[in-house]
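Enquirer: Annotations for this protein, taken from Swiss-Prot, read as follows:
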ACT_SITE  His13  active site, tele-phosphohistidine intermediate
ACT_SITE  Glu92  active site, proton donor/acceptor
BINDING   12-19, 25-26, Arg65, 92-95, Lys103, 119-120  substrate binding site
SITE      His182  site 'Transition state stabilizer'
Amino acid sequence: MKRKLAKLVLVRHGESVANRDNVYTGWNDVPLSKKGIAQAKNAGLKVEKIAEFAPTHIHTSVLSRAIMTANIIADVCSFLYLPITKTWRLNERHYGALRGINKDVSKKIFGTNQVLEWRRGFDSVPPLLTQPVQDRRYQKYDMRLMPQGESLHQTQERLMPYFWDHIAPELMAGHDQLVVAHGSSLRALIKKIEDISNEDIVKVEVPNAEPIVYTFDTDLHIVKKEILH
């Protein structure tokens with residue numbers, strides 16, 4: 001019997017209150033806005049209509065906005081019975097000392113070109129926090145692993161071990177997977193699986209709550225990609 005081609009569906013969380021207020025978030029934990037809740041429900045309706053999509057596992061971060069979105073999608077799609085893994089490795093890129101700052105204000109403080117480089121340069125690291133992350137959700141981990149600010153490259157490096165260990169084997173076995181994460185963490189993943197150059201990743205945007213559907217063969221080659229606007 002021929003093994004089915006597996007689908008990987010990536011969804012960025014719905015609008016958060018920080019997105020609404022144009023504030024850098026990173027590892028700050030913020031909920032969805034009312035608009036974000038509606039977007040998550042709509043994303044669920046889109047995921048529900050994906051032909052022959054039957055995920056065996058849901059993967060998300062340990063941040064509320066992604067978890068809320070994953071739960072809403074699971075509810076809409078009747079996926080609540082599925083196992084869900086919440087991992088810090090799928091967290092948003094850590095924006096260091098920029099987190100909590102309004103994006104327009106950051107341009108006035110640091111200059112537009114510098115901020116653009118921090119946001120879009122693959123290896124550009126924002127100003128670091130002066131203290132490690134103090135949050136109970138990370139207490140069980142080796143604090144030396146916890147970033148105080150990250151480039152997109154560093155985000156990719158801490159994310160990909162989880163992908164190779166927990167998602168890729170399932171896809172290669174023909175099992176569909178659903179990942180609900182964040183704009184920059186998903187950009188880092190997309191860069192790797194699509195083999196996008198450092199220069200071209202600057203142009204890649206991942207909008208809130210618009211599912212991206214990849215179909216893979218058993219060697220993890222992309223057969224088809226579709227964005228559900």
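The count begins at 1 with the first shown residue.
Positions of Cβ are set from backbone N, Cα and C atoms, glycine also.
From a predicted model like this one, the values you see are computed outputs, not experimental measurements.
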Enquirer: Please list, in sequence order, the residues in the chain of the residue listed as 'active site, tele-phosphohistidine intermediate' that are at least six apart in sequence and whose C-beta is under 8 Å away from its C-beta.
Expert: Leu32, Gly36, Ala40, Arg65, Ala66, Met68, Thr69, Val180, Ala181, His182, Asn208, Ala209
Enquirer: Cβ-Cβ under 8 Å from Gly26 (substrate binding site), same chain, 6 or more residues apart: which ones?
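Expert: The list for Gly26 (substrate binding site) reads Glu92, Arg93, His94, Tyr95, Gly96, Leu98, Arg99, given in order along the sequence.
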Enquirer: Restricting to the same chain and to sequence separations of six or more, state which residues have a Cβ under 8 Å from that of Arg12 (substrate binding site).
Expert: Val180, Ala181, His182, Gly183, Leu186, Val206, Pro207, Asn208, Ala209, Glu210
Enquirer: Sequence gap of 6 or more, C-beta under 8 Å: which same-chain residues meet both conditions with respect to Lys103 (substrate binding site)?
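Expert: Non-local contacts for Lys103 (substrate binding site): Asn22, Val23, Tyr24, Val115.
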Enquirer: Check Ala18 (substrate binding site) against DSSP and tell me helix, strand or coil, would you?
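Expert: For Ala18 (substrate binding site) - judged by DSSP and reduced to three states - the answer is helix.
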Enquirer: For Glu15 (substrate binding site), which residues of its chain lie six or more apart in sequence with Cβ-Cβ distance below 8 Å?
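Expert: In sequence order, Leu32, Ser33, Lys35, Gly36, Gln39, Asn208, Ala209 meet the Cβ cut-off.
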